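Peer 1: First the structure, which I've put down as structure tokens, then a few questions once you've had a look.
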Amino acid sequence: MSQEAARDAAAGRPVQIHDPTLRDGQHAVRHSLGAEQFRAYLKAADAAAVPVVEVGHGNGLAASSLQVGRARLSDDEMMSIARETLTTSKLGVLMFPGWATTQDIKNALAYEVDLVRIATHCTEASVAERHLGFLRDEGVEAHGMVVMTHMASPDQLAEECARLVGYGATGVGILDSSGHFLPSDVTARIGAICAAVDVPVMFHGHNNLGMAVANSIAAAQAGAGILDACARGFGAGAGNTQLEVLVPVLERLGFRTGIDLYRLLDAADIAGRELMPAPPTIDSVSIVSGLAGVFSGFKKPVLDIAAREGVDPRDIFFELGRRQVVAGQEDLIVEVALALRAARDGASPASSGTGPC
């Protein structure tokens, strides 16, 4: 598609930006963001008129734990700070059934949360039925999202998203949790979902293969009305779609975001100074994670366990990908590392070193 044709296709169509910098970004700093860091970024995002700002532990409500990491702030503290600080931006939270329960959602509603997003594995939308039904009955905006979507076909994802709408979701979306997609993958999936539902469709990208902005643009051009993006790409692994890049590219293509560019750039500068020791980079392990189709949040524990057990983290990622592991199965990292070490010590090579390319 030429640039002129792309502008004609956009034709001033609105795209709503959701900013999970203070939720997904937590993965990159072991969930250690503090109160003043929250306040600084919340004020900046609010001033830039970012439509929705999402806060929380990297894995959402009630996920702070030994298994996936203790958060420095409690859910209550994060939501309280956000509610006190935001004046124009809506406040969003994420929950995974299994980590969080309906009681955790009730607790979030006490902070007048504007949007609750319920995430499930890409073939398990039915797990969200109870929670979406509760939010529907409460009159709260609720979106259903499916993760690890490279593991499902476009038709399967469309079917799962249609189920989410039937349960009460007022929006649906897909997460490229491992940064595995290319634009054509996104176009096929978003197109199929848009044809199957009559609610806004969302895309959330990761940058393991350097495709997050391109994939997000492909999603918008295929009909997505909501895009996730984080300041400086702050997020797990190689990071998320970079917010301050995505917005002007969308505007240049003719989409409307309603975001103040200069203030958005200011917010990104604050994020760079206050939230992260360094911006995300596409390193060798991140590339392997994307190729293997493994959740980007596994990067730090894989590196730690690989160093401890004396095995190649790339081999761990490819084996985890072969097993199709998902978030919440972090215990399998140790199992895989031990198996690789045993195979090596037994003179049975665990990997040829060539990967799946």
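Keep in mind that glycine also has a Cβ here, set from the backbone N, Cα and C atoms.
Per Swiss-Prot, region 'Disordered' is recorded for 1-21. Residues annotated as domain 'Pyruvate carboxyltransferase' in Swiss-Prot: 15-265. The annotation substrate binding site is assigned in Swiss-Prot to Arg23, Asp24, Ser177, His204 on the grounds of sequence analysis. Residues annotated as site 'Transition state stabilizer' in Swiss-Prot: Arg23. Here Swiss-Prot flags Asp24, His204, His206 as Mn(2+) binding site. The active site, proton acceptor feature in Swiss-Prot is assigned to His27.
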Peer 1: Applying the rule Cβ within 8 Å of the centroid of the Cβ atoms of Arg23, Asp24, Ser177, His204, what extra residues of the same chain belong around the substrate site?
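Peer 2: Nearby residues not in the site list: Pro20, Gly58, Leu94, Leu175, His206, Asp228, Gly235, Ala236, Asn240.
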Peer 1: Determine which residues of this chain, when Asp24, His204, His206 are set aside, have a Cβ within 8 Å of the centroid of the Mn(2+) site's Cβ atoms, and list them as they appear in the sequence.
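Peer 2: Here the nearby residues are Pro20, Leu175, Asp176, Ser177, Gly205, Asp228, Cys230, Gly235, Ala236, Asn240, Thr241, Ser296.
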Peer 1: What does DSSP assign His204 (substrate binding site), in three states?
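Peer 2: Where His204 (substrate binding site) sits, the three-state DSSP reduction gives strand.
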Peer 1: For the residue listed as 'active site, proton acceptor' and His204 (substrate binding site), what Cα-Cα distance in Å is obtained after rounding to a whole number?
Peer 2: 15
Peer 1: Highest CB neighbour count within 10 A among the binding-site residues Ser177, His206?
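Peer 2: Per the Cβ count, the most surrounded site is His206.
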Peer 1: Looking at the domain 'Pyruvate carboxyltransferase' (15-265) alone, can you tell me the average pLDDT?
Peer 2: 98
Peer 1: Around Arg23 (substrate binding site), how many other CB atoms lie within 10 A of its CB?
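Peer 2: By my count, 27.
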Peer 1: Just name the most isolated of the recorded positions His27, His204, going by other Cβ atoms within 10 Å of its Cβ.
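Peer 2: Among the recorded positions His27, His204, the sparsest Cβ neighbourhood within 10 Å belongs to His27.
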